[in-house]
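Asker: Submitted below is the structure of interest, expressed as structure tokens.
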Amino acid sequence: MDRSEVVGWVLEPWRLVGADRPEELLWVAVVLVGVLSIVTAASVVAIGAAIAGTIDGPVPVDNPEHPPEWVCDGDSASAGDVWDCDAPETIDRDPQVIANEAVGGYVPFALAGPPLLWGLGTIVVFAGGRLAGGDPSGGGSAALAGWVSLGEFVRLAVALGALWYVLSGVTVSPDHPEAAIETYRTVLEPLRGPLGLVSLVVLAWQWAVLTRGLARDADISGGWAATVLGIPIGLIALFTFVP
């Protein structure tokens, strides 16, 4: 196995499964996007579990069964017959349950995100080929946009691994939420730089794969393909480091 063959596999990952062009295995790109949706949603749940694991004990929250103070402090003798004034003002809840409720609303967005971005990526690749004077195919553009989702698996794995690592040694008190938030901010802030660099590496690989694939699919030069795709990818890279 020579170096050029390895480089070819890196820049044309579809060759690893015996395809000469990405559109020959468009169904693989579809599967990759579908699996990425599931993995992204699972990652959201995993983040909630990681945070819940740092909380030392149950979390006190307002008891919805406890009536307002003005009801129980009133002069009405029958207040206690209508309202449960003896109910505690707060109750303890499992941190994991609270975390599941907090991240649950993001799961549908996590599931829908990869397919939507795939569709947008397909449009960008196809339009880029047209803009460069080429004749890209719809299937080729869709396949390219799907195949580069492989990089997102790497980005998710690194991010989740780093998150679990830094949070594994963190313990916060449920009685001091402000201090807990500050603790999370302190331990997570150092991850921004390394994770940003990982994102840039993934974007660079995606740019290279898309450039090579679009140049071949649309029959344009590599320079033109790199230029028309470099603009949107460059904007993504810029936003990676913008707070």
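All positions are counted from 1 along the displayed chain.
For all residues, glycine too, the Cβ spot is worked out from N, Cα and C.
Whatever TrEMBL says is automated annotation, not expert-curated.
Feature list, courtesy of TrEMBL:
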DOMAIN    19-241  domain 'Yip1'
TRANSMEM  25-52  transmembrane segment
TRANSMEM  144-167  transmembrane segment
TRANSMEM  191-210  transmembrane segment
TRANSMEM  222-242  transmembrane segment
Asker: List, by number or range, the same-chain residues at least 6 past the transmembrane segment (191-210) whose CB is under 8 A from its CB atoms?
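Answerer: Beyond its ends, the transmembrane segment (191-210) has Cβ neighbours at 10-13, 125, 144-145, 147-148, 151-152, 154-155, 158-159, 162-163, 166, 225-226, 229-230, 233, 236-237, 240-241.
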Asker: What else in the chain is close to the transmembrane segment (25-52), if you only count residues 6 or more beyond its ends and a Cβ gap under 8 Å?
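Answerer: Non-local partners: 14, 17, 19, 95-96, 98-100, 102-103, 106-107, 110-115, 118, 139, 142-147, 149-150, 152-153, 156, 159-160, 163-164, 167, 184.
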Asker: Over the domain 'Yip1' (19-241), what is the model's average pLDDT?
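Answerer: Reported value for the domain 'Yip1' (19-241) is a mean pLDDT of 87.
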